[in-house]
Amino acid sequence: MSNAVIADKRPSSLHGARLPKWSPYAIAVGSVAVAIAIGLGAGLDSRIQWGLIAAILFVLGTYGIAARVEGSRQAKDRIATSLVWVAFLLAVVPLVSLIWETVKRGVKVLDIYFLTHSMGVVADSEPGGGIYHAILGTLEQVGLATLIAAPIGVLTAIYLVEYGSGNLARAITFFVDVMTGIPSIVAGLFILSLMLMLELQPFGFAGSLALAILMMPVVVRSTEEMLKLVPNELREASLALGVPKWRTILKVVVPTSIGGITTGIMLAVARITGETAPVLLLVFGNSFINANPFEGAQASLPLYIYQQWANSAGNEAAYDRAWAASLTLIAFVMILNLVARGIARWKAPKTGR
């Protein structure tokens, strides 16, 4: 047998030493233990400080152990992975803790009575009462804002994509970009100045106008992106058959992108639902049920949460109502997001046969 067919028994340089798969978990546990020991020894009471120390120790420990066992090249790869995990946890942990705290504090008073009664004659410092008037006000104000902003936003996006190519289109695009970054308090002050000019009292529709201003640029941008995704071949095929452009837009372009347009509108609604500054200035709040958004002050969920917290004077009943209203608002926004995802999946192009 020749030497060529004899297998080389020497270890290959391509396969160096490797850390076991459980090593990241062991390093993480060790980092947490050391961080707790450092925190207790240094008298640090904040768990956030313990978490930051543990994250730093985890990254440094991962790099040091990997560099010693696997080499510097593999250690750099592991430290990049560790940084990604740390960034992920820094983003997720506050969100999870917020939701957990809201659920824990909110479920204590969240029941049918709470959802179907108003504050009425119940003082902020007394137990009882509910958020029916706030839910009704939020639905009416957000609904009116959607009726105003959605058609204007969609039509503006259609103009920018299908017709706009001159100075007017560039000016509209510029102002839409500016409006996207407008703080909600500025929109509220703008409507408030008009109310003072016309000598009007606070009413629900004024809040709807401010919310519509905030919602409109979001609808324009999302609709514009969806319309740009429609293949030009569809437009050209329709125009080649002699169909007018306006009918092509109405019968071909919009139906093709309706799923994305609807999703964008739903996400814009979810965005304005939690706005507090405009309703604080314009709606003013009301402890009683006011089903008429065009006359008299109204309540809303964000405003209700603020008022319960601000007027509680340390009373636990008001705090519990604020947490329960917060949980209701989070659930409402979550439902809107789930509906948007469902519509997007329902209207998505079918790829299978």
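In case you wondered, yes, glycine gets a Cβ from its N, Cα and C as well.
Keep in mind the model is a prediction, meaning the values are calculated, not measured.
Annotated features in TrEMBL:
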- 135-340: domain 'ABC transmembrane type-1' (DOMAIN)
- 22-42: transmembrane segment (TRANSMEM)
- 48-67: transmembrane segment (TRANSMEM)
- 79-100: transmembrane segment (TRANSMEM)
- 142-161: transmembrane segment (TRANSMEM)
- 173-197: transmembrane segment (TRANSMEM)
- 203-220: transmembrane segment (TRANSMEM)
- 252-272: transmembrane segment (TRANSMEM)
- 322-344: transmembrane segment (TRANSMEM)
Top Cβ-contact partner of the transmembrane segment (252-272) among 48-67, 79-100, 203-220, 322-344 (pairs under 8 Å): 322-344
Residues from the same chain, set at least six apart from the ends of the transmembrane segment (203-220), whose C-beta lies under 8 A from its own: 137, 140-142, 144-146, 148-150, 152-154, 156-157, 160, 176-177, 179-180, 182, 184, 187-188, 190-192, 195, 264-265, 267-269, 271-272, 275, 278-279, 281-283, 290, 292-298, 300
Spatial neighbours of the transmembrane segment (142-161) far in sequence, C-beta under 8 Å, 6+ residues away: 169, 172-173, 176, 204-205, 207-209, 211-213, 215-221, 223-224, 227-228, 249, 253-254, 261, 265, 268-269, 272-273, 293
